[in-house]
Every structure is written in structure tokens, then in C-alpha cells.
Amino acid sequence: MFARSFSNASRTIARRSLSTRSGPAPSSLWSSRNAVIAGTTLAITALAVTSERRKVFNESAQKATSPRDSIIAQDSLKENVHKKSVRQDEFSGESTKPEASTSSDSVEKAADDAAQILEEKEAEASEPSQGAYNPETGEINWDCPCLGGMATGPCGEQFKAAFSCFVYSEAEPKGVDCVELFKVMQDCFREHPEIYGEEIDDDEAPAQEGTMEEKVEAAKEETAAPAAAP
């Protein structure tokens, strides 16, 4: 822009200088030519400088990023990072869901099993005793057929003492504190072999099934008849 104005002005001045002089001298003509050449040279130089400046400015403008473009780029970067984070969170949540579900199922199953066991034990405890001993009343039904009439024979008292000791025993193993009473009962059995011969044989042959202690335990657990009336 500046170069064009300067060039036009130079040409106008040169023309006016030539037109105002009729019949110019050779020296004047030479001076006018020099002025035109100088003006043209200056105009070309100014144009070249201006073009170079524009080129540099355009390149700088292309390389430089506007604030708006920078903000858009930052927003895009943030959006990508946010999406990636959300995807990772979703993946982590999906991977933990099966584990949480499995753990919850195991806990519920264990709770159901424990409740069922407690109900069964409670039902068993609430039922009347099925053996010679009734834990609800703490009494022993000596007339129970499961005792085989041993409570009424010649060694009935010895049997009752041994059996009662065994039933109420809290020692471990159960009945270990009733050994002496069992010996007394067995001695009584030996005095009456005609009645307690089978029990004596069992006592003298431990390899055979049915020791006295086992029979007492079996009698306690066998099905009992209704309790005798007082």
C-alpha cells in the first residue's frame, strides 16, 4: 500500500517536472530520469519489504493458535480423559458386581443353613423324652420296657444306682465317675448267674457286643413308654 502510493507520487512529480519545462536541457532530462529511476527503485524495495513482512506475519498467524482454538483443544482433551476415566470406573464396577453377588449368596445360604439347624435342634429339645430318662422332669422311668426289668430284680437297687449315676453324670467321658457303682452292680450280677447270666457273659467276654455300659446307654436312648402315673 505504501509502496504503491510512493510510486504514484514519484511518477506524478516526474511528469510535472517534465511538463513545466518546455525544451528541457539535457542535464534536466537526465536529472528527471534519475529521479524516476530512484523513485521506482524505492517503490520496488518498499514493496519487497512489505511483501516479506506480510509473508512472515501470515506464517506466524498460521503457526500461532488462537485462544479459542486452545480452549477447544483443552476441552477436547479433558473430555477424552473424562470418558476414559468413566469407562475404567464402569469396567471396575462390572468386575466387582459378580464378586459382591457371590459373597452375598454365600452369606444368605449360610444364614439359611444355620436357621434350619437351630429350628431342628429346638424342635428336638421341645419333644418329650423318648428314653427312660425324661430331661424335662429330671425323672427316670424305671418301668420302661427298655430297661428289661433290671430295675426290679435282685440287683435292682445296684442297677438303679449305677444307671442314675450314668444318666446324671457330667464328666467327660460321660459315666467315668460311676466306675465303682458299675463294679458293685456287676458283682451282684455274678451272685445271681441264673438271672443275670447273659450280663455276666458279656462282662467276661468284652469282645462280644453289648457291654453293660453300652446297654445302659442304649436303654437311655431307646423309645420309652409314657411316664408312669405317680
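Positions of Cβ are set from backbone N, Cα and C atoms, glycine also.
Among C144, C146, C155, the cysteine that Swiss-Prot records as disulfide-bonded to C188 is C155. Averaged across the domain 'CHCH' (152-196), pLDDT for the predicted model comes to 89.
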